[in-house]
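In TrEMBL this protein carries:
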SIGNAL    1-30  signal peptide
DOMAIN    31-128  domain 'Cadherin'
DOMAIN    129-240  domain 'Cadherin'
DOMAIN    241-347  domain 'Cadherin'
DOMAIN    352-456  domain 'Cadherin'
DOMAIN    457-561  domain 'Cadherin'
DOMAIN    562-669  domain 'Cadherin'
DOMAIN    670-724  domain 'Cadherin'
């Protein structure tokens with residue numbers, strides 16, 4: 001069979017040489033024909049492509065092909081050697097191979113150079129690099145702005161490749177159109193062109209679908225979704241909620257009183273919409289009678305009012321956004337000063353805090369003074385003035401210390417964490433006719449005292465970590481919170497000293513606990529320590545949380561045999577299944593990794609199946625698996641035993657086994673019968689024969705003595721019992 005295959009291969013090789021030689025000769029003589037054929041890709045197998053005989057001058061009944069049967073020509077094409085008909089074997093794919101070339105020869109020596117072109121059909125659709133594209137367009141982009149996109153690729157060629165693009169959503173045509181230019185080697189230039197300006201405040205997001213189509217009929221298409229996000233620019237000025245503001249204020253309104261509030265909004269985003277308020281001093285209020293909070297728009301009284309000299313004030317308030325090129329807008333604020341009796345009481349407040357500000361410590365005791373309030377009325381020096389206090393929910397009270405002096409006192413325990421600001425209203429009324437009164441609004445802030453301990457989310461945290469965790473591994477984050485504020489709420493963390501010092505550390509600022517030393521579950525399965533959270537107050541307050549760390553076992557301990565070498569002796573012919581030795585190994589890991597499996601080993605990776613012995617995989621008992629005959633086999637066996645844990649760690653021990661002999665073999669003569677001739681004249685003592693016997697046993701069981709059995713002739717001969725002579 002092999003010779004037949006080799007013969008056919010040799011014949012094909014010789015034929016190929018002949019064809020090449022003939023091609024050379026015919027080219028020299030100009031006797032060669034060219035056959036140009038074409039076939040469309042995608043046609044079913046067995047499609048006829050052409051006929052080799054179509055270019056011959058005379059019909060031929062046989063053809064030789066220059067290609068071997070293993071070539072790509074015969075893989076995809078079938079060429080009838082008798083008729084010359086060429087047909088397909090498989091469905092052709094132009095994108096895989098676009099032509100086939102070979103040489104055919106007739107029996108008469110004519111040569112045909114064949115070239116088959118695979119024609120393209122529209123069997124591929126345009127494909128974009130991705131299904132979706134994200135695009136950002138500034139709302140200040142002018143019409144005509146171009147945004148380059150990646151075009152679609154089509155494996156077909158010519159008119160079947162990508163021919164153009166369109167936007168599927170017709171309503172998008174008002175905003176965008178596509179500009180497509182085809183370059184060399186199918187390199188497309190595709191731009192999304194802006195038709196008209198966009199306004200983020202009107203529409204901040206567009207989605208459109210771009211469709212690529214080829215030149216087939218019907219055309220094949222591919223799509224990509226373009227998500228367009230309109231980027232904000234500072235193109236909108238702030239807008240006030242009123243074109244003008246009008247308000248009234250008493251001429252005796254205290255400095256700091258809120259006069260009015262202006263409010264503007266900006267439809268841009270981020271800094272472009274962040275608004276700052278200011279009073280235009282060049283056009284209004286040059287004497288700074290009023291001030292404005294640049295963030296909230298609250299207008300405050302900065303200087304005393306006097307109706308008689310200035311009954312009406314006009315303010316121009318400007319709102320400016322925080323854009324790189326800020327936008328401005330202005331509004332008019334009219335402040336009408338209300339005339340009152342000039343002899344109405346006046347109220348003065350002196351806050352007794354260290355800074356003189358309107359604040360009181362939450363640690364203030366009941367009865368402590370917060371402020372001194374004085375009232376006066378120039379026209380009523382001889383008359384009484386009544387002073388009352390409103391607001392404060394009973395936390396504050398007024399205590400009269402003189403005819404016109406009052407003390408604002410703490411009346412109940414304060415708690416800043418419950419409420420940090422009180423609005424108090426002090427009213428002074430005279431007894432004139434009609435009676436006149438005045439009022440002052442006090443915004444009293446409760447300042448923090450360090451009265452709150454840091455609080456952990458839990459009192460006890462339990463966490464697990466593998467014993468092989470590297471140094472610096474994150475263990476647990478245990479943040480605490482402190483309801484105080486400022487430095488009183490700043491918390492630092494530490495680990496209280498214990499027997500476990502050095503195993504863990506904690507970040508003093510974040511409360512992140514990390515490992516600081518190597519862990520060993522076999523030494524310590526559970527570790528606990530206290531974490532201290534301490535605030536920055538004077539004196540500081542603190543709290544603790546207990547952290548219990550469960551050290552998880554990993555397979556980091558190899559099995560250990562009680563002995564590395566076992567010596568044992570057993571008698572031959574010991575009962576099969578009898579166990580004569582138990583090896584014992586231990587593993588310091590947990591039962592998950594410490595359960596051991598015993599096997600006989602060859603010293604490498606694989607297990608070995610011994611002919612004479614076997615070991616119980618769980619108990620380590622070494623037992624006899626076949627009958628042992630010391631006289632026909634080795635008298636000593638050295639066995640390597642492996643103990644392996646579930647994680648693949650192992651240890652080995654050697655067992656030296658000596659086979660003890662039993663007297664289980666009789667002596668055997670060789671030969672079993674001796675025939676000798678003795679002369680009748682042989683004198684006594686003549687050696688007639690030396691008989692020899694052997695015993696397969698050893699030691700004393702293998703030592704042989706000889707004797708002659710008693711009989712009629714036994715008295716005529718003697719035998720050396722040691723040598724057998």
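Don't overthink the numbers, they just go from 1 along the chain as shown.
Each Cβ is built from the backbone N, Cα and C atoms, and glycine gets one as well.
Curation plays no part in TrEMBL annotations; they are all automatic predictions.
Regional average pLDDT for the domain 'Cadherin' (31-128) in the model is 85. Within the domain 'Cadherin' (31-128), the DSSP-based counts of helix, strand and coil residues read 9 helix, 41 strand, 48 coil. According to DSSP, the secondary structure content of the domain 'Cadherin' (241-347) in residues is 4 helix, 48 strand, 55 coil.
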